[in-house]
Amino acid sequence: MTNADPHELQKFSDLAHRWWDPNAEFKPLHELNPVRLGWIDAHAHLAGKRALDIGCGGGILSESMAGLGAQVKGIDLSTEALGVADLHSLESGVTVDYEAIAAEALAEREPGTYDVVTCMEMLEHVPSPAGIVSACATLVKPGGWVFFSTLNRNLKSYLFAVIGAEYIARMLPKGTHDYARFIRPSELASFVRGTDLHIVEIKGITYHPIGKRFALSNDTDINYLVACRRGA
């Protein structure tokens, strides 16, 4: 059984043509991308590395990692989003190998293949996030890096990430997030403990509305990032 929610897939497929419009529904991802990219590169040193972007969507992070010299493969189950990603890759001249395949299926086919695996803003959209974490651990080489980003589950994150972002500021379309699927850092840590990965760093991401920018912080109450390594 595919670890995907048909409703979630359809939601993002319907918006696929808007992925690369920096002023449309995916504007927060465009604003967030430089922060997460810099953080990933600081840990993994992407140049010359083989990287896998799970849940790549339209390819915002995939192209950015390729631009820093990584050999990138992006996977997603939305063929509409991958079509947009392929087209933008042709237009930008940045080479990324895209494929419509589930992380678990790729893990069976290509275990221990990648130096870097990213799974950003995806875990909160799937029925079994633990299954995705396990697949990431299988896909990465011994000594390699795995990076996650997701949303904490508490009153503050509900007020800011759902009510504030979707209904008040309208930074995101209504219904983008299902609060019940938000993941506490302790829960994500428990998923990681069931694999060969170990957590190296957990960082928060804070949005500054005055400057309209994201920045790394020690506040993990809403958005947070987790860097992991697989044992050598």
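Placed from the backbone N, Cα and C atoms, the Cβ positions cover glycine too.
The record from Swiss-Prot ties GLY55, ASP76, MET120 to S-adenosyl-L-methionine, and of the options ARG36, ARG109 it ties ARG36 to that site too.
Taking each Cβ in turn and tallying the other Cβ atoms within 10 Å, the top scorer among the binding-site residues ARG36, GLY55, ASP76, MET120 is ASP76.
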